[in-house]
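So the structure is just underneath, and the comments pick up after that.
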Amino acid sequence: MSTEALLAGGGGEVRRRVSIDDALAWHAGEFGRWQLRHFVLVSSAWLLEALHTMVIIFADREPAMVCAAGDGRCGDRCAGATAAGTGWEWAGGRASSTVSEWGLVCGERYKVGLVQAIFFAGCMIGAGVFGHLSDSFLGRKGSLQVVCVLNGVFGMLTAMAPNYWAYAALRLLTGFSAGSVGLCSFVLATEPVGPSRRGAAGMSTFYFFSGGIAALAGIAALFPTSWRMLYVVTSVPSLVFVVAVLPFVSESPRWYLVRRRADDAMRVVRAIASSNGRSIPDDVSLKLDDEGDDDNGAGAGKVVDSSASASGSIIDVFRSRTTRFRLVLSVVINLLASVVYYGLSLNVVNLKTNLYVSVLVNSLAEMPAYLLTALLLDRFGRKPLAIGTMLLSGISCSAGSLIAGAGAMRVARLACGVVGIFGMAATYNLLFIYTAELFPTAVRNAALGCTSQASQMGAILAPLVVVLGERVPFALFGVSGLVGGFLVFCLPETKNKPMYDTMAGLEEGEKTLLK
C-alpha cells in the first residue's frame, strides 16, 4: 500500500502507519464536534486583528471644525487646528482623534498617512518573524499567544502616547504583532481539519475578520470623543483572549509530527476522534509523508530529537525549485491583490456619509464574497476560482477607469468599484487557503509569512495609488487584477491533493502525480 503501511513493531506487533490526512478521513473525522469548537475558538483571534488594524479609521479621522467666533469671523483654519484664539473649534473636542489633538491638518496632514504606512511596515516585519517562529520552536499556539499579549500591551501603551512620534513608534510595534495574528490563527484553525473540508473551513475564518470590523464600528460609536479610550477598549480583548480562550486550544498535530513529537500528535488525533464519537484503532500510528513504508519505528509513536526535523525557515523554501517558483509567484499575486483590496477599501473615508455606517456596510458587503467562494471552492477548485475572481475584479476596475465621474455616471463607476472589491475580497482570502496548501507543514507558516509581508507592502502602496486622482487608481487596480489573474495560471491546482508535511514529501508527491 502507498498510504497505509503494515509494519512489524517490537514484539511482533503489527502496526499500520498512516498520514494525518488519512487518520482524519478514515478514523477521527474530518470536521466534527472537536474541529468545530477548535475552529471557532482559534478563529475568533481574527476579530482581534481587525480591531488593531482598522481602529486607525476612527482614531485618526479628521473631525469637523466649527467657527465659534461671536461675530462669525474666524482666523486661519490651519492655525486654528493647533492654536486657540482663532475662533475655530473641533467638533467633539480636541481629544476626539489624533488629528484634532496634534493638529494633523494642512501641512501636517501627511503624518496621518505616514502612521498608516508605519503600521503596515510593522505588520510586514512581524509576519516574517512570527511565520518562522510558528514553524520552529514556538509552534502555532505559542506564537499566537505571544502576538496577542504583545497586541494588548502595545495597544494599551498607544493610548498613553504623549506625542505624535511616540504614537507612531507604538503603532509600528503594534503592527509587528498584529500582522501575525491572522496568520497564526488561520494555520492553527485549519491544520486539524480533514482534506475535503479544509477549503470551506479556511474561507469561513474571514467572517471573523469582517465581524471584527463591524464590531469596531459599534465600539467607536460608543467612544466618539476619546481616541485614547478607543485604543484601551480595543486592546483589552487581546489579553482576555490569552487568558480565557487559548488555554482551551490545542497545538496543531501536524506541527507536533514535523517536530518529531509523534506521541503528542497521536494524543491530539485521539482527542479529535473521541470528541467526534469515533475511535483510532490501537494498531494505528502516524507517519510523516517523507517516511517510507520501511521506516521501522521512526515516527510510529516514538519521539525523536526535534533537531532532526526541518528548520522551517524561508531558506528551506528557496532550496527547492518547486517551492521557490511557487513562493515567487505567490508573493507577486498577493502583492497585487492587496493593492487592489486595500485601495478600493480606502474610499470609505471619501464617501462623505456617516463614517460608522459606512465602515459597517463595507464590512458586511464582503461577506457574500466569502460565502460564494466557500460554496464554489471544492466544486471548481482553488486555481480556477482564484483566476475568475481576480479577473472579475480587474475587468470591473478597468471599466471604471473608462467612465467619467460626472453626474449619473458616478453611479456606474460606484457599481464597478463594488464589483471590483467583491471579486478581490474573495481572491484576497482565497489566497490564504491556496498558499497554505501549496507548501508543506515544515515551512507553511514561513511561506505564509513571506506572502503576508507582500500583502502588507501592497497595503502600504495602496494609499499612494488612491491619491493619484479619480480614474488613474481604477486603471492601476484593473491592471493589477488582470496581471494577477494571469499569473495564477502558472500555479498548480491543490484541490483534493494531500497536505504534505515535509519538503521531501512534497517533492516525492509531485513526482508521483506527474507520472
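Every residue gets a Cβ built from N, Cα and C, even glycine.
Across the domain 'Major facilitator superfamily (MFS) profile' (38-496), mean pLDDT in this model comes to 83. The domain 'Major facilitator superfamily (MFS) profile' annotation in TrEMBL covers 38-496.
Feature annotation from TrEMBL assigns transmembrane segment to 112-131 (among others).
According to TrEMBL, the feature transmembrane segment maps to 143-162 (among others).
Residues or ranges marked as transmembrane segment in TrEMBL: 168-189 (among others).
TrEMBL lists 201-223 (among others) with the feature transmembrane segment. Beyond the transmembrane segment (201-223), the same-chain residues lying 6 or more positions past its ends with a Cβ under 8 Å from any Cβ of the stretch are 31, 35, 39, 43-51, 54-55, 57-58, 182, 185-186, 189-190, 193, 229-230, 233-234, 356-357, 359-360, 362-364, 366-367, 370, 373-374, 377, 429-430, 432-433, 436.
The feature transmembrane segment is assigned by TrEMBL to 229-250 (among others).
The feature transmembrane segment is assigned by TrEMBL to 327-344 (among others).
The transmembrane segment feature in TrEMBL is assigned to 384-405 (among others).
Summarising the annotation, TrEMBL assigns transmembrane segment to 411-434 (among others).
Residues or ranges marked as transmembrane segment by TrEMBL: 474-491 (among others).
Beyond the transmembrane segment (411-434), the same-chain residues lying 6 or more positions past its ends with a Cβ under 8 Å from any Cβ of the stretch are 186, 190, 198-199, 202-203, 205-206, 330, 333-334, 337-338, 340-341, 344-345, 347, 365-366, 368-370, 372-373, 377, 382-383, 385-386, 389-393, 396-397, 399-400, 403, 405, 448, 451, 455, 474, 477, 481, 484, 491, 494. Within its own chain, the transmembrane segment (384-405) has Cβ neighbours under 8 Å at 333, 337, 340, 344, 369, 373, 376-377, 412-413, 416-417, 419-424, 426-427, 430-431, 434, 470-472, 474-475, 477-485, 488-489, 493, counting only residues six or more beyond its boundaries. Counting only same-chain residues 6+ beyond the ends of the transmembrane segment (168-189), those with a CB under 8 A from a CB of the stretch are 38-39, 42-43, 45-46, 48-49, 52-53, 56, 111, 114-115, 118-127, 129-131, 134, 140-141, 143-144, 146-148, 150-151, 154-155, 157-158, 161, 201-202, 205, 209, 249, 251-252, 432, 436, 444-445, 448-449, 452, 456.
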